[in-house]
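What TrEMBL says about this protein:
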- Cys12-Cys46: disulfide bond (DISULFID)
- Cys16-Cys51: disulfide bond (DISULFID)
- Cys27-Cys36: disulfide bond (DISULFID)
- 58-155: domain 'ADAMTS/ADAMTS-like cysteine-rich' (DOMAIN)
- 172-269: domain 'ADAMTS/ADAMTS-like Spacer 1' (DOMAIN)
- 266-306: region 'Disordered' (REGION)
- 293-306: compositional bias 'Pro residues' (COMPBIAS)
Amino acid sequence: GSWGSWGPWSSCSSSCGDGVALRSRRCLRTSQELPCTGDPRQYRLCQLQGCPSGSVPFRAMQCSLYDNRPVLGTAARYRWVPFHGAPNLCDLNCLAEGHNFYYSFGRVLDGTRCSPGSPDLCVGGRCLSVGCDGILGSGSRPDACGHCGSGHGSCVLVHRLFQGSDPSSGYLGYVNVTKIPAGATHIKVTDKSRNYLALMASDGRYILNGGWAIAWPGPYEAAGTLLTYSRAPDGTESLEAPGPTHEDLHVMALLQEPNPGIEYQFWLPRGHPQLGRGDTSPLRQPQPRGAGSPPPPEPPEPPEPP
């Protein structure tokens, strides 16, 4: 059999916060045909403005509907609060307040979170994850470039080792490592030496470890993404950012000793113009000092954390 077209989406199941909307389709077949394969219903996440402060959580509201009502065939009355230790996350499991037992009142309403802090929602008694397309249970995941449902064939991994030598003067200082182009995702740069990684924006402004000053490890805003700079006690450094970057970033190294190799990797969309070129930085090459100039001062050791 074959499916008809999808109907319109229903209104959201909730008036604030997270909820679900439903749409359905009909199987177009005669009695001689095989039945349609697939789901006749589809659910998607609808995110509304946040609920007012002091609002009762959705699951707690459903438990409270049974407050002071006869349960278990006795005349006892109880107040009910959510219980999250039961095996089926999408049953309305409620704990009798002040007592040590819980009771299951059937399924929770569609759009109830499976558990506190979870992004997954219950629909039809099943706990479903939200795909990157917003459809519950679709299994859609973003590729390495952040595109939804296009498969990993739309991305290319750039993974290289920079083994450039010291500046031509023989003195140690800054050298260019690579340019990370705008649009890069899942960026990681690693150096395992006493040298220091440095980072420059496309306008020539240092973001990290510029001007012979060594920065603290931690988070930094760069090119529209959050960069994490870490430094281990043995001197190993790393720069990591999820991306995508909104502008080019230029990775450099402040050399104090011969470079053993700086490893870097990032993902680019297939067809990105940078893939057909070398990835060294065209911004500027640090100018070597003259042969008679004294070597630059040793960069200060980073302070010990308090």
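Note: Cβ is positioned from N, Cα and C throughout, glycine not excepted.
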Neighbour-count leader, CB within 10 A, disulfide-bonded residues: Cys12, Cys16, Cys27, Cys36, Cys51
Cys12
State the Cα to Cα distance, in Å, between Cys46 (disulfide bond) and Cys27 (disulfide bond), rounded to an integer.
26
What average pLDDT is reported by the model for the domain 'ADAMTS/ADAMTS-like cysteine-rich' (58-155)?
86
DSSP helix, strand and coil counts for the domain 'ADAMTS/ADAMTS-like cysteine-rich' (58-155)?
10 helix, 29 strand, 59 coil
For Cys27 (disulfide bond), the one of Cys12, Cys16, Cys51 that lies nearest, given that the disulfide-bonded residues are compared by Cα
Cys12
For the domain 'ADAMTS/ADAMTS-like Spacer 1' (172-269), jot down how many residues DSSP puts in helix, in strand and in coil.
0 helix, 56 strand, 42 coil
To the nearest whole angstrom, state the Cα distance for the pair Cys51 (disulfide bond) and Cys12 (disulfide bond).
14
